[in-house]
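Peer 1: My structure is below; once you've seen it, I'll send some questions.
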Amino acid sequence: MAPSLEAPEAVEDVLANPLKQKPQLVAPEPEHCPGPESEQAGVADSCAGCPNQKICASAPKGPDPDVPLITARLAGVKHKILVLSGKGGVGKSTVTCQLARAFATNPDITVGVMDTDICGPSIPKMLGVESETIHISSAGWSPAWAMDNLAVMSIQFMLPNRDDAIIWRGPKKNGLIKQFLKDVEWGDLDFLLVDTPPGTSDEHLSVNTFLKESGIEGAVIVTTPQEVSLLDVRKEIDFCRKAGIRVLGLIENMSLFVCPKCTHASEIFRATTGGGRALAQEMGIPFLGSVPLDPRIGMSCDYGESFFDSFPDSPACKALKSVVRTLADQIGLDPNEIMPADKS
């Protein structure tokens, strides 16, 4: 296939207008055209007689009117944290659930998890609320509660059958993410964790645009040790910098395999270039810690149970608690108030 000669959109334009679809013009833009996205589009003197005049006049312009509504709805949420990774299969959703469970072990902390992986919603299964449905009241959509202090919202709750495929284009995904933020009755939360799909595309741009006015605390980036994963994670870090999202730190997931019986550690994914710690140092971002590969984490997610309750003394549990303490420190919170250190 011959390469496309179409010039790519400028990064600044994509970040500034990620949700607006450019109007489908029926004729080329004439000389002195103000541009189809201009405030003068369709009404300027130079638009008279142009075949595109009605199309340009009806095209969306100006800031999204729903952003102030989202800001008001999320006024009770103290810390909004994105969980990102340019690479699929690194355990991003698993890490999101474990972070949420870890925060929720403190009864004084209320946590929300928003699943924006529209085509692969796995958060409800991992948190044990897969069979829940959305309840709608005058206050808005009610999230499902995995614990007394752990709320969840996902498209999984809206599917007639749990195995139904979601075959949507970008604009429809963006609309649902907006509803998750604007219409869900999140209430007062200490943390809202936003699980995202791999990549740097529609869902990521939508969340960043909708939350920018209300304030994003930052992003936690998940990787595995091998270079194939680090290649895509570098792109995700670059996305955060271009989008103005603070990188709170990098988590290296599945760093080692710890045998549940003998506790011997083996390298499953060999860190040929130094792994997550070396990448964090190279990119100048905090390293939050390494989490070993423990099959009991996967088992806990399959059954929707808390890994922290079932295996509190495991190396993976201790590593996750250390990650939470380091993350709390990056946000400016007292780690001892969020996650007291193990006395052992």
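Positions of Cβ are set from backbone N, Cα and C atoms, glycine also.
Curation does not apply to TrEMBL; its annotations are automatic.
Pulled from TrEMBL, these are the listed features:
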BINDING   Cys33, Cys47, Cys50, Cys56  [4Fe-4S] cluster 1 binding site
BINDING   Gly86, Lys87, Gly88, Gly89, Val90, Gly91, Lys92, Ser93  ATP binding site
BINDING   Cys259, Cys262  [4Fe-4S] cluster 2 binding site
REGION    16-43  region 'Disordered'
Peer 1: When you average the Cβ positions of Gly86, Lys87, Gly88, Gly89, Val90, Gly91, Lys92, Ser93 for the ATP site, which other residues in that chain have a Cβ within 8 Å of that mean position?
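Peer 2: Along the chain, the qualifying residues are Ser85, Pro198, Val222, Thr224, Ser229.
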Peer 1: Can you give me the Cα-Cα distance between Cys33 ([4Fe-4S] cluster 1 binding site) and Gly86 (ATP binding site) in Å, rounded to a whole number?
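Peer 2: That comes out at 39 Å between the alpha carbons.
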Peer 1: So what sits near Gly88 (ATP binding site) in its own chain, CB-to-CB under 8 Å and at least six residues off in sequence?
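Peer 2: Set apart from Gly88 (ATP binding site) by at least 6 residues yet with Cβ under 8 Å, we have Pro197, Pro198.
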Peer 1: Which of these binding-site residues has the least crowded Cβ, counting other Cβ atoms within 10 Å: Cys47, Cys56, Val90, Cys262?
Peer 2: Cys262
Peer 1: Say we define neighbours as other CB atoms within 10 Å of the CB. Which of the binding-site residues Gly86, Gly89, Gly91 has the fewest?
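Peer 2: It is Gly89 that, of the binding-site residues Gly86, Gly89, Gly91, has the fewest other Cβ atoms within 10 Å.
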Peer 1: Compared by Cα position, which of the binding-site residues Cys47, Cys50, Cys56, Cys259, Cys262 is the closest one to Ser93 (ATP binding site)?
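Peer 2: Out of the listed candidates, the nearest Cα belongs to Cys259.
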Peer 1: Looking at the binding-site residues Cys50, Cys56, Cys259, Cys262, whose Cα is closest in space to that of Val90 (ATP binding site)?
Peer 2: Cys259
Peer 1: If I take the alpha carbons of Lys87 (ATP binding site) and Cys56 ([4Fe-4S] cluster 1 binding site), what is the distance between them in whole Å?
Peer 2: 38
Peer 1: Can you tell me the CA-to-CA distance separating Cys56 ([4Fe-4S] cluster 1 binding site) and Gly91 (ATP binding site), as a whole number of Å?
Peer 2: 44
